[in-house]
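Colleague: The structure's right below; bear with me while I get my questions together.
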Amino acid sequence: MKREILLERIDKLKQLMPWYVLEYYQSKLAVPYSFTTLYEYLKEYDRFFSWVLESGISNADKISDIPLSVLENMSKKDMESFILYXRERPLLNANTTKQGVSQTTINRTLSALSSLYKYLTEEVENDQGEPYFYRNVMKKVSTKKKKETLAARAENIKQKLFLGDETEGFLTYIDQEHPQQLSNRALSSFNKNKERDLAIIALLLASGVRLSEAVNLDLRDLNLKMMVIDVTRKGGKRDSVNVAAFAKPYLENYLAIRNQRYKTEKTDTALFLTLYRGVPNRIDASSVEKMVAKYSEDFKVRVTPHKLRHTLATRLYDATKSQVLVSHQLGHASTQVTDLYTHIVNDEQKNALDSL
């Protein structure tokens, strides 16, 4: 989604919200949470507060009038009723007879509400230096996680990774083979952003950074000589991330054409740009997702930028057998998250043994 459109939608949702949600928004913007994350949270709050009005828990006329005391006095039974409502209500704007939303969607809603409740009960300060209230009902609400072993998850994910020679093969395909399949009109469009697209995909494959971390990079965050980028991790923490050497020529090619191709001024600090009506703008996450999906589907299988992160992590573990090193590269505080890659690599080793 374009940044301008995203901000417009955020403003519309903010106009609906109670004052304490607006305070929460400002606080998280300073962390900083991304606008995309805050937009998704505001959508969840809109859904929740609409239910609060519909169910009669609050007799306010509109969402913005719902008092803080409603959240303070919300019972566990009330919250469970909301979960049942979300699970059983008909799907909106969908050509299906299926009832309710997925457990993943419900968990996302509960995560957003947990964040709001934590802010109100622990993080915010009133004039006396105390939180607005202390009772956090969300701590009593359990969430159901999808039951899946690491082995099963590894099996599901490994077909969507570009391992071994496929990493370089994917980049070579975009650079050399993909253009041959295009019409003259499509080729002209492709050539306008070819260097940028290759640089972004190479960086994702060579560093394992999250999509949000990549699109938020500024020029000053890239050190080509050292092949290091400085990123803002989740929670607003700054981190220096090493980048594999194979990405360097793609980054150099992009930087060589960046200023002229995208008509930059000194104020255009974003590393990766797009032209909109002749004006350079920071590329947004949605554009990168569509780009990765298009190229990957033509090459092998449709994937997301997060699968490129998994690709780097798997290759790095295969080369080092160090979960600590992989967790540091990905910006994880614990090695538990990297257990997945040991299962994927074990499958690769089994396949190699079977071929002997």
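Any Cβ shown, glycine's included, is placed from N, Cα and C.
The following feature annotations were taken from Swiss-Prot:
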ACT_SITE  Arg210  active site
ACT_SITE  Lys234  active site
ACT_SITE  His306  active site
ACT_SITE  Arg309  active site
ACT_SITE  His332  active site
ACT_SITE  Tyr341  active site, O-(3'-phospho-DNA)-tyrosine intermediate
DOMAIN    16-121  domain 'Core-binding (CB)'
DOMAIN    169-354  domain 'Tyr recombinase'
Colleague: Round to a whole number and give the Cα-to-Cα distance in Å for the pair Arg210 (active site) and Tyr341 (active site, O-(3'-phospho-DNA)-tyrosine intermediate).
Modeller: 17
Colleague: Cα of Arg309 (active site) to Cα of Lys234 (active site): how many Å, rounded?
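Modeller: Computed Cα spacing between Arg309 (active site) and Lys234 (active site) is 15 Å.
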Colleague: Mean pLDDT over the domain 'Core-binding (CB)' (16-121): what is the value?
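Modeller: Averaged over the domain 'Core-binding (CB)' (16-121), the predicted model reaches a pLDDT of 87.
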Colleague: In sequence order, what residues of the same chain, 6+ apart, have a Cβ less than 8 Å from the Cβ of Lys234 (active site)?
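Modeller: Correct list: Arg210, Gly331.
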Colleague: Here are the active-site residues: His332, Tyr341. Which has the lowest count of other Cβ atoms within 10 Å?
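Modeller: Among the active-site residues His332, Tyr341, the lowest count of other Cβ atoms within 10 Å belongs to His332.
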Colleague: Between the active-site residues Arg210, His306, Arg309, where is the Cβ count within 10 Å the lowest?
Modeller: His306
Colleague: Can you tell me how far the Cα of His306 (active site) sits from the Cα of Tyr341 (active site, O-(3'-phospho-DNA)-tyrosine intermediate), in Å?
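Modeller: Distance (Cα to Cα, whole Å): 14 Å.
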Colleague: When DSSP states are grouped into helix, strand and coil, how many residues of the domain 'Core-binding (CB)' (16-121) land in each?
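Modeller: In the domain 'Core-binding (CB)' (16-121), the DSSP-based counts are 71 helix, 2 strand, 33 coil.
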Colleague: Can you tell me how far the Cα of His332 (active site) sits from the Cα of Tyr341 (active site, O-(3'-phospho-DNA)-tyrosine intermediate), in Å?
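Modeller: Between the Cα atoms of His332 (active site) and Tyr341 (active site, O-(3'-phospho-DNA)-tyrosine intermediate), the distance comes to 14 Å.
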Colleague: According to DSSP, which kind of secondary structure is Arg210 (active site) found in, if we only use helix, strand and coil?
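Modeller: Coil, per DSSP.
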